[in-house]
Each structure stands twice: as structure tokens, then as C-alpha cells.
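Asks: Pulled these features from TrEMBL for this protein:
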type	residues	note
DOMAIN	10-458	domain 'Major facilitator superfamily (MFS) profile'
TRANSMEM	12-36	transmembrane segment
TRANSMEM	42-64	transmembrane segment
TRANSMEM	76-93	transmembrane segment
TRANSMEM	99-122	transmembrane segment
TRANSMEM	134-155	transmembrane segment
TRANSMEM	175-194	transmembrane segment
TRANSMEM	313-334	transmembrane segment
TRANSMEM	341-361	transmembrane segment
TRANSMEM	367-390	transmembrane segment
TRANSMEM	435-455	transmembrane segment
Amino acid sequence: MDNHHKRNLTFLTIGLIFMLSGVEYAVILPTIWMYLQILEAPSYFLGLGLSAFSLSGLLTGPIFGFWSDRSKTTKSIILFSNLFEIVGNFMYFIGYSKWLLLCSRLVAGVGAGAGSSIFGFLTRSTRPEERAGIFAAIMACRQAGLLVGPAFNLFLRLCDFKLGPFVVNKYTSPGIFMCLLWVMIQFVILVVYWDLPPVSSEEGAVMVEMKHDEDHEEEVPLMGSDEEPVLTYRTVVSNQSEASSSCEIQAIQGVSLISNPFKNFSAGREFLREEVVVLLTAQFITLFNQTALETMVTPLTQRYFGFGELGNSLMYSLCGVEVILGFFFVRWLSTKVADRAVLAVGLVICCTACIWCLIFLCNPRGGYGWELTAFIIGVFLQLLGLPFVAVSQVSLFSKVTAEKTQGFSHGVRRSVGGLATILGPLWAGGLTNNLYIMLGMMLALLMMITVMMVLSYDRLTEPRAVQCAQRSDSGG
């Protein structure tokens, strides 16, 4: 099998992994609130349960990312991390007490930490111009899982039998169901997942070999040098040959760092740059707001509209359809406009959605029909902005951070997102009866990141190294 087919099958497997994470979220979220009530848990346990999963991912993401950068492999990391998903979901199935339920989400969250390794692998295995489209497709797979998940709930809610000493009902069945699915995906990974060589490394090696064949100059020994290559930046390139030479030097430097990607790596220099700070802040705020709203939705629909697990499942299914269509639209849009423009559009939509919710959801009036309509419009606007912000900030982040440490960098990014998904449910869980305060803070955060994005707009673009690679691909 050639590399092209291996690449397609590997990407398909990654899509299945993300789809499974969406299915897990969709089958557990609609029922966990009632599950906790049966276990006599106080209301704040809903926020704790949702945050526990994110806490594990926050802690393990950089570790898995560092592991993949050093080993240049992801297959073994994914297989290892999925074991925690299997154990965690089995613990959720056992139930028994609210504390065991909380621990089950904590254990399962370790498996989510492998996402940093996957995003690092995708960055190294794709060209910059196709990266946003690939990220959009992978993220759409998770949304497809969110769409398919409620369909599984339609038959899981009918379960009512015993499996040995364990009771299988509509609350415990999502745990054993997801446990079996994660076991199945382990076999898929073993068969059709490959650790492919990085695209940039292949191109760099070819460029080094061509240069060596042409003039046999002494730059080639730099590949084995233990000293840090000196990076030279120029504001003006005088001619095409100078530009080509600069790109060749950068390719040689890239190859020389393959053996030790963290040599002379500085987290301060990497993550405290203006454009990186803006993107990490966007990651935090959008996920904080998203998880806060998701935490609020279930109690809100129960209070105002009388939705049960069936109504919530259907609602999440319709939400999944919208978000999938949004990701495919962003996938197309990313080929027409720059990532930073997509990010700007997404932030404007998110601000509009938050303002709408503040006006019409905090103090609903006008009867059941109007309240439901206002709720649907608010949810629609919130979900509409999600694909724009999610795809653009991940794509930009992969381009403004060093390629040699993409796994670790995405681990840091996902940890920032994990912190947001911990604080978001905790913030919303205690303010379900004070929506003005909850939504007011969310709008303030959105306005802040929008201003930051506008002020740093010129820096939210591909660095010169990426432009060199594109120039090489287009033949100069």
C-alpha cells in the first residue's frame, strides 16, 4: 500500500476517533443530570462531572504532546490513551455512587489528552494551504458524532435489564455502550493507522539532497551539528535567488532539529508572542462560553419547556446538523479567504448571539411559543459562530507556532481549552438562576477578545517559513 492510501486511511481513522468522542458526549450529556439526581447528588455535581473530564485532558494533553514530539509516533499514544476511555466508561456504567460517577469522568478524560498528539500529527502531515480544510473535516467528524449520538439514545433509553450484578437502564447503558465502542476502535487503529513521515521533513530532506548534489558546499554537515542554527530574518528580499537560498537554509535547519525538537526550546518565547496570546485567549473564551451555555441548556429546557432525555437528545441532534453544515461551509470558505478573516466573522456572530440571549432569554416573556422561538434563535446563533472560530484559531495556531514541537504546542492549546471547559460549567452551574450575571460576563469576554483580535490583526498571518514552503510548492 502506498503512502497516499495509508494517509487517507489514517485520516479516516482519526475522523472515527473524533466521531466517537462526539458520540460519547451526546449519549452522556442528556442523561447525566437525571443520573446524578437518582444518585442524590446536589446540583453543583453536574458542573463537577462535566469539568472532571476536561481536567484530565488539561493535565495530560501537554504530556502526550511532548511524548509524540520526542518519539515521532502517535499510534502507540492513541492506543494507550484509549484504555482510559474504556475504563472510565465502564466505571460510569457501574454507577453505584455520585463519587464513582465523578471519578469515571476523570478517568475517561485522560483519553482526551491524546488529541494534542493527533493535532500535532495532522500539522506535520499536511501542507499549510490544506490544513484549515483538514482541521474542519476532522472537527466535523466530532459534530457528526454529536448528531449520531442522540439516535443511539433512542434505543439506550429503552434498556431495562441486568448484566450479572449490574443494572442496565437508560442512565447506565451509555457507559457500557461507549466502553464497547472504544474497544472496537482499538482494533481499527491497530489495522488501518500508520505513523506517516512529516510532509515538511520529506520536502526538507529533498531540498538538502538537491543542494548537496549541485554544489557540495559545507552547509550539509549542519544536519549533524549539535549547535543551534542561527536564524536570520530580513524585511526585504532583493531577488528570487536570494529568496530561494533563504528557503533552502530554513529547510536544512528544520532537518537538523528532527533528532531533538526541544533543544533550546523556550516556552516563554514560543507562547508569549502577541499572536499566540491572542489565539490562546480566543481558545479559552470561546470554549468557556460554549461549555457554560451547554451546562445551562439542560436545566433551562427542563424548567421552561419540560424537555426530558428524549427532547434533549432531539435538540442535540438538530444542533449537530447545523454545526456539521457550518464546518463544511468553513472548509470551503477557508480556500477563499484568510484564516484571520474567518476568525473575525466568527467572533462577530458569537457577540451577536450573546447579546440576543441577554435580551430575550434572561427574562423570557410572551408565552410558550415566543419563548421557544427566542431560545431556538439564540442556540442557532451560538452554534453558527462556533465553526468559524474553532477552525480558524486552530489553523492559525498551527502556523504561528514551531512545527518541530507541534504536539506539545497543541497540548498547551488544548490545556487552555481544558481550563475553559472546567471553569465554564462551574460558572454556569452556580448561576442557572442568574442569567444576567452569567451571560453578561460571557459577553464581556467576547468583546475583549474581539478588540484583541482587531489590534493584532496584522500579526495573525502565516510566518515567512510557511511562505517559503508555499513558494517552493508553486515552483518559485
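Cβ atoms are placed via backbone N, Cα and C, with glycine included.
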Asks: Between the stretches 42-64, 99-122, 134-155, which wins on the count of C-beta pairs under 8 angstroms to the transmembrane segment (367-390)?
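Replies: The stretch I would name here is 134-155.
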Asks: State the non-local partners of the transmembrane segment (175-194) in its own chain: residues 6+ outside its ends, Cβ under 8 Å from one of its Cβ atoms.
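Replies: Distant contacts of the transmembrane segment (175-194): 6, 9-10, 12-14, 16-17, 20, 23-24, 27-28, 75, 78-79, 82, 85-86, 89-95, 104, 111, 152, 156, 163, 166, 168.
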Asks: Could you pull out which residues elsewhere in the chain have a CB under 8 Å from any CB of the transmembrane segment (313-334), counting only those six or more residues past its ends?
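Replies: For the transmembrane segment (313-334), the far contacts come to 22, 26, 29-30, 132-133, 136-137, 139-140, 143-144, 146-151, 153-154, 297, 301, 307, 342, 379-380, 383-384, 386-388, 391-392, 395.
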Asks: Could you tell me the mean pLDDT over the domain 'Major facilitator superfamily (MFS) profile' (10-458), as a whole number?
Replies: 79
